[in-house]
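Enquirer: Sharing the feature lines straight out of TrEMBL:
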type    : residues                                                          : note
DOMAIN  : 56-91                                                             : domain 'EF-hand'
BINDING : Asp69, Asp71, Ser73, Phe75, Glu80, Asp108, Asp110, Asp112, Lys114 : Ca(2+) binding site
Amino acid sequence: DQYELPKCSFSFHSSFVMALSGILTEAEIAAGLQSCQAADSFDYKTFFVKVGLNSKSKDQLAKVFEILDQDKSGFIEEEELKHFLQNFSASARVLTDTETKVFLAAGDSDGDGKIGVEGKTAFIKQ
């Protein structure tokens, strides 16, 4: 059973930015997106450093996780990761299949094909 995530809309992007206003700055988000504009250039470690996620508290990372978990399943699945950058800017590109699989493998601590909040916060801090 495949499902399709809703496409990012301006209102979703605005609410995401509003929710992140106390966590990330616009400059941090812009730096992160600038670092991976070309296809197959996304490196999660570089992105996390550029946007400052690697220096955030566990509570702040849990809040970011909740925002990224678009279907509110308690996990970030492959399809949500593919659209990861669009959470930061509606005009950002989708991740390639290769980028998505590498990203998922890095955060999937138990091999179930999805990232739970504990796995997410742990691999951001790597």
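The backbone N, Cα and C atoms fix where each Cβ goes, glycine too.
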Enquirer: Which one, from the binding-site residues Asp69, Glu80, Asp110, has the smallest tally of other C-beta atoms lying within 10 Å of its C-beta?
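Expert: Relative to the other binding-site residues in Asp69, Glu80, Asp110, Asp110 has the fewest Cβ atoms within 10 Å.
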Enquirer: Please identify which of Ser73, Lys114 has the densest Cβ environment, defined as other Cβ atoms within 10 Å, among these binding-site residues.
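Expert: Result of the Cβ crowding comparison: Lys114.
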